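Here's the structure, in C-alpha coordinates; my notes come after.
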Amino acid sequence: MTDQKLAKAKVIFVLGGPGSGKGTQCEKLVQKFHFNHLSSGDLLRAEVQSGSPKGKELKAMMERGELVPLEVVLALLKEAMIKLVDKNCHFLIDGYPRELDQGIKFEKEVCPCLCVINFDVSEEVMRKRLLKRAETSNRVDDNEETIVKRFRTFNELTKPVIEHYKQQNKVITIDASGTVDAIFDKVNHELQKFGVK
(Lines of atoms letter the chains of each structure in order from A and count residues from 1; the text may use other names and numbers.)
(Lines give C-alpha, C1' and ligand atoms only; values in the text may rest on other atoms or scores of the structure.)
Protein backbone atom coordinates (compact mmCIF):
# COMPACT_ATOMS: atom_id res chain seq x y z
CA MET A 1 0.00 0.00 0.00
CA THR A 2 1.60 3.26 -1.11
CA ASP A 3 1.40 6.41 0.98
CA GLN A 4 -0.48 9.29 -0.71
CA LYS A 5 2.25 11.73 0.31
CA LEU A 6 4.75 9.74 -1.74
CA ALA A 7 2.72 9.81 -4.96
CA LYS A 8 4.71 12.81 -6.21
CA ALA A 9 8.13 11.45 -5.18
CA LYS A 10 10.74 11.08 -7.93
CA VAL A 11 13.28 8.44 -7.04
CA ILE A 12 16.71 7.67 -8.48
CA PHE A 13 18.31 4.45 -7.28
CA VAL A 14 22.12 4.54 -7.03
CA LEU A 15 23.90 1.19 -7.35
CA GLY A 16 27.47 -0.01 -7.60
CA GLY A 17 29.75 -2.43 -5.80
CA PRO A 18 31.21 -1.60 -2.39
CA GLY A 19 33.83 1.11 -2.90
CA SER A 20 32.55 2.15 -6.34
CA GLY A 21 32.26 5.78 -5.17
CA LYS A 22 28.46 5.93 -4.80
CA GLY A 23 28.57 8.05 -1.64
CA THR A 24 30.95 10.65 -3.08
CA GLN A 25 28.90 11.06 -6.27
CA CYS A 26 25.68 11.32 -4.29
CA GLU A 27 27.17 14.18 -2.26
CA LYS A 28 28.00 16.03 -5.49
CA LEU A 29 24.51 15.42 -6.91
CA VAL A 30 22.95 16.74 -3.70
CA GLN A 31 25.10 19.90 -3.90
CA LYS A 32 24.03 20.54 -7.48
CA PHE A 33 20.36 19.47 -7.48
CA HIS A 34 19.46 19.64 -3.75
CA PHE A 35 18.04 16.10 -3.87
CA ASN A 36 17.14 14.32 -0.65
CA HIS A 37 19.91 11.74 -0.24
CA LEU A 38 18.96 8.54 1.54
CA SER A 39 21.51 5.81 2.03
CA SER A 40 20.07 2.51 3.20
CA GLY A 41 23.45 1.86 4.85
CA ASP A 42 23.39 5.19 6.73
CA LEU A 43 19.82 4.60 7.91
CA LEU A 44 20.83 1.15 9.16
CA ARG A 45 23.98 2.47 10.84
CA ALA A 46 21.92 5.19 12.57
CA GLU A 47 19.57 2.49 13.87
CA VAL A 48 22.59 0.49 15.11
CA GLN A 49 24.04 3.55 16.88
CA SER A 50 20.72 4.25 18.58
CA GLY A 51 21.41 1.10 20.62
CA SER A 52 17.80 -0.11 20.22
CA PRO A 53 17.12 -3.88 20.36
CA LYS A 54 16.53 -3.79 16.59
CA GLY A 55 19.84 -1.91 16.22
CA LYS A 56 21.75 -4.58 18.15
CA GLU A 57 20.30 -7.31 15.95
CA LEU A 58 21.20 -5.34 12.80
CA LYS A 59 24.77 -4.77 14.05
CA ALA A 60 25.34 -8.51 14.38
CA MET A 61 24.01 -9.12 10.85
CA MET A 62 26.16 -6.35 9.32
CA GLU A 63 29.29 -7.65 11.05
CA ARG A 64 28.64 -11.04 9.46
CA GLY A 65 28.30 -9.36 6.03
CA GLU A 66 24.68 -10.50 5.70
CA LEU A 67 21.86 -8.61 4.01
CA VAL A 68 19.36 -7.02 6.37
CA PRO A 69 15.73 -8.20 5.85
CA LEU A 70 13.80 -6.42 3.13
CA GLU A 71 10.99 -5.20 5.38
CA VAL A 72 13.39 -3.49 7.80
CA VAL A 73 15.16 -1.47 5.10
CA LEU A 74 11.94 -0.61 3.28
CA ALA A 75 10.30 0.64 6.50
CA LEU A 76 13.32 2.85 7.33
CA LEU A 77 13.38 4.31 3.79
CA LYS A 78 9.64 4.95 3.67
CA GLU A 79 9.65 6.64 7.09
CA ALA A 80 12.53 8.91 6.03
CA MET A 81 10.83 9.77 2.70
CA ILE A 82 7.52 10.72 4.33
CA LYS A 83 9.40 13.18 6.58
CA LEU A 84 11.18 14.82 3.62
CA VAL A 85 8.85 14.67 0.61
CA ASP A 86 7.00 17.96 1.29
CA LYS A 87 10.25 19.94 1.19
CA ASN A 88 11.60 18.26 -1.93
CA CYS A 89 10.10 15.41 -3.93
CA HIS A 90 13.41 14.27 -5.54
CA PHE A 91 15.23 11.41 -3.84
CA LEU A 92 18.58 9.76 -4.42
CA ILE A 93 18.50 6.35 -2.80
CA ASP A 94 21.96 4.98 -2.43
CA GLY A 95 22.80 1.28 -2.11
CA TYR A 96 19.23 0.13 -2.66
CA PRO A 97 17.72 -2.11 -4.01
CA ARG A 98 20.38 -4.71 -3.17
CA GLU A 99 18.27 -7.51 -4.63
CA LEU A 100 15.44 -7.72 -7.13
CA ASP A 101 12.67 -8.31 -4.57
CA GLN A 102 13.63 -5.07 -2.82
CA GLY A 103 13.22 -3.09 -6.04
CA ILE A 104 9.90 -4.68 -6.95
CA LYS A 105 8.52 -4.24 -3.44
CA PHE A 106 9.70 -0.61 -3.23
CA GLU A 107 7.97 0.25 -6.53
CA LYS A 108 4.79 -1.47 -5.38
CA GLU A 109 4.69 -0.01 -1.85
CA VAL A 110 6.39 3.38 -2.21
CA CYS A 111 6.64 4.69 -5.79
CA PRO A 112 8.17 3.82 -9.20
CA CYS A 113 11.78 4.81 -9.78
CA LEU A 114 12.70 7.40 -12.40
CA CYS A 115 16.05 5.77 -13.25
CA VAL A 116 18.97 3.77 -11.84
CA ILE A 117 22.57 5.03 -11.81
CA ASN A 118 24.98 2.09 -11.88
CA PHE A 119 28.61 2.88 -10.98
CA ASP A 120 30.70 0.24 -12.69
CA VAL A 121 34.32 -0.39 -11.64
CA SER A 122 36.62 -3.41 -11.31
CA GLU A 123 36.81 -5.35 -8.04
CA GLU A 124 40.53 -4.59 -7.79
CA VAL A 125 39.91 -0.82 -7.78
CA MET A 126 37.04 -1.19 -5.29
CA ARG A 127 39.17 -3.35 -2.97
CA LYS A 128 41.98 -0.77 -2.92
CA ARG A 129 39.52 2.05 -2.20
CA LEU A 130 37.84 0.12 0.61
CA LEU A 131 41.07 -0.83 2.33
CA LYS A 132 42.24 2.77 2.13
CA ARG A 133 38.92 3.94 3.59
CA ALA A 134 39.19 1.32 6.36
CA GLU A 135 42.22 3.15 7.76
CA THR A 136 39.97 6.01 8.88
CA SER A 137 36.30 4.96 8.64
CA ASN A 138 35.76 2.76 11.73
CA ARG A 139 33.06 0.96 9.76
CA VAL A 140 32.38 -2.59 10.91
CA ASP A 141 32.14 -3.79 7.30
CA ASP A 142 35.45 -2.33 6.00
CA ASN A 143 37.73 -5.31 6.58
CA GLU A 144 39.28 -7.76 4.11
CA GLU A 145 37.06 -10.72 4.99
CA THR A 146 33.78 -8.78 4.93
CA ILE A 147 34.82 -7.00 1.73
CA VAL A 148 35.09 -10.36 -0.09
CA LYS A 149 31.60 -11.29 1.17
CA ARG A 150 30.20 -7.92 0.08
CA PHE A 151 31.58 -8.42 -3.45
CA ARG A 152 29.97 -11.86 -3.59
CA THR A 153 26.64 -10.47 -2.38
CA PHE A 154 26.81 -7.68 -4.96
CA ASN A 155 27.60 -10.08 -7.82
CA GLU A 156 24.94 -12.62 -6.91
CA LEU A 157 22.10 -10.36 -5.84
CA THR A 158 22.51 -6.83 -7.16
CA LYS A 159 23.54 -7.56 -10.75
CA PRO A 160 20.09 -9.10 -11.52
CA VAL A 161 18.54 -5.80 -10.26
CA ILE A 162 20.58 -3.88 -12.84
CA GLU A 163 19.50 -6.32 -15.58
CA HIS A 164 15.83 -5.92 -14.57
CA TYR A 165 15.95 -2.12 -14.92
CA LYS A 166 17.99 -2.35 -18.14
CA GLN A 167 15.02 -4.12 -19.71
CA GLN A 168 12.94 -1.04 -18.82
CA ASN A 169 15.61 1.29 -20.31
CA LYS A 170 16.06 2.95 -16.93
CA VAL A 171 19.75 2.23 -16.29
CA ILE A 172 22.57 4.77 -16.58
CA THR A 173 25.86 2.83 -16.42
CA ILE A 174 28.85 4.99 -15.51
CA ASP A 175 32.50 3.91 -15.69
CA ALA A 176 33.53 4.86 -12.16
CA SER A 177 37.27 4.32 -12.47
CA GLY A 178 38.16 7.92 -13.42
CA THR A 179 38.47 11.07 -11.33
CA VAL A 180 35.57 12.22 -9.16
CA ASP A 181 34.89 15.23 -11.44
CA ALA A 182 35.06 13.26 -14.69
CA ILE A 183 32.61 10.71 -13.30
CA PHE A 184 30.29 13.49 -12.12
CA ASP A 185 30.27 15.11 -15.59
CA LYS A 186 29.15 11.80 -17.10
CA VAL A 187 26.38 11.39 -14.51
CA ASN A 188 25.10 14.93 -15.14
CA HIS A 189 25.03 14.41 -18.88
CA GLU A 190 23.10 11.13 -18.62
CA LEU A 191 20.58 12.43 -16.07
CA GLN A 192 19.48 15.12 -18.53
CA LYS A 193 17.98 12.34 -20.68
CA PHE A 194 15.61 11.61 -17.78
CA GLY A 195 14.60 15.26 -17.45
CA VAL A 196 16.86 16.01 -14.48
CA LYS A 197 18.40 19.45 -15.01
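Note: Cβ is positioned from N, Cα and C throughout, glycine not excepted.
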Report the candidate from G178, G195 that shares the ATP site with G19, S20, G21, K22, G23, T24, R133, as recorded in Swiss-Prot. G178
Quick check for you: of the binding-site residues G21, K22, G23, T24, which have their Cα within 10 Å of the Cα of G95 (AMP binding site)? K22, G23
Shortest C-alpha distance to P97 (AMP binding site) - which of the binding-site residues S20, T24, R133: S20
Within the region 'LID' (132-142), what mean pLDDT does the predicted structure show? 75
